[in-house]
């Protein structure tokens, strides 16, 4: 079979491969090359070596947005996963209306980042003016917590669904056996459920971590970096380097920042996968 | 034991009900304000419900629909989502089948390339991609699916390949021995087995394409074509003084169709998400 299939291979692979080449491979390689160039369009690039990288790494706004991104990512990953896990535990106790709760908590996932950002901007501004605090445009602390609250509101439901599926996969006889042996609920949670659910935890941490690092739409709509770029995350900083700064130097620097950003995201996600995978147990 | 269980149930409900209401509140608040007259929408009265004195009826909705080209944007978003998802589901499942059935250096290289593309942030390719799209005349809503196919292939191929590996190869071999061509084998034997995964992939990709903002903004000619997220951002970003009423009405117009689809398809959507994650 393999041989016949191979003969027809182009028919199966080519359409996707052509689109993948146009949509990813070519732009990726071009982007990698352009990060070493000065350019304003792809056509007029001149090679400049590592100067873009030097400029990117000495750009204070880039480093500041990197720090801000890390702060958002850490709190997001912890808050979303703990909340989602707790909800999943609560919704697997056969409480009345489980399905309705699940439906409600999942719903914000279907709404796009831009719309979510504006919904929360309106809501948070109203709350802030009610308590007499400066609005989001002038209030970086509120901007930071706003992003966290928004991300929790959006993603807790999604992770909860994954955790529920994981909890349902923990075999009942294992828990029965532990109960007979006199284990408390707390011990069952830590010694049986959590180790058995490591695959779900791996995925949820991976998703929340990469989502937080790549966050753009919500950041743009909620704060747009205000006040004075204090709430810029990395993706937004790169976007502004490309499209909001005048001068022919900036596109090259933006591309170099994008390469650094990609390397960081790839390394962080593979490190995380390795770290949590190693804690998974054989079922 | 049952006594304890009952008490636990009540405690959980006491926590869950307010939490669920809090989860719904932001949308409820936008809905309320979108029904008010413009002068009644101020930060101090934003939490008031609609009543006789501030009720504006459908005025904001009509304004949003008539003067901001909402319907055209809705059509573009719909068209792009449908074409992209159909292309991704059919073409990527074919590609994934080949990759998992033909064991060669080429297919394993391709597989890892697809996986890699899932992790790389969009900012890496955004500038060069928009220029490539301009060059190839893919910068309109009718050809945009090509870009989405290319950029969405990573997740789709990954999920399909994961599932194909769990299908016994003997079924396909039997079909081929009985005289099926590879195309017939795929469409008549493999495709029906892949259906549940196709639903998952379709749902995940549709959620992404429908809500995507940055890719269409950079690729499409913004003066001619705006998808719904682009319209909302444009609305907000380009006016000095934003009219809050029509703004909130257009948010609701974006959210309502999604919620309707969700209410009818929630079983599939939730299952699709769970299945997609487990495969990963």
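Just so you know, glycine gets a Cβ as well, placed from its N, Cα and C.
TrEMBL: automatically predicted annotations, no manual curation.
Model, not experiment: these values are computed from the prediction.
So that you can see what the record holds, here are the features copied from TrEMBL:
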type	residues	note
DOMAIN	B:74-265	domain 'ABC transmembrane type-1'
TRANSMEM	B:7-28	transmembrane segment
TRANSMEM	B:74-97	transmembrane segment
TRANSMEM	B:109-130	transmembrane segment
TRANSMEM	B:142-164	transmembrane segment
TRANSMEM	B:185-210	transmembrane segment
TRANSMEM	B:244-264	transmembrane segment
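Listed by sequence, the residues of this chain that lie at least six past the ends of the transmembrane segment (B:142-164) yet keep a Cβ under 8 A from its Cβ atoms are 79-80, 83-84, 87-89, 91-93, 95-97, 99-101, 111, 114-118, 122, 129, 133, 190, 194, 197, 200-201, 204-205, 208-209, 215-216, 219-220, 276, 279-280. Of the candidate ranges B:7-28, B:109-130, B:185-210, B:185-210 contributes the most Cβ pairs within a distance under 8 Å of the transmembrane segment (B:74-97). Within the chain, the transmembrane segment (B:185-210) has long-range Cβ neighbours (under 8 A, six or more residues past its boundaries) at 77, 80-81, 84-85, 88-89, 92-94, 97, 148, 152, 155-156, 159-160, 163-164, 167, 171-172, 175-176, 228, 258, 265, 268-269, 271-273, 275-276, 279.
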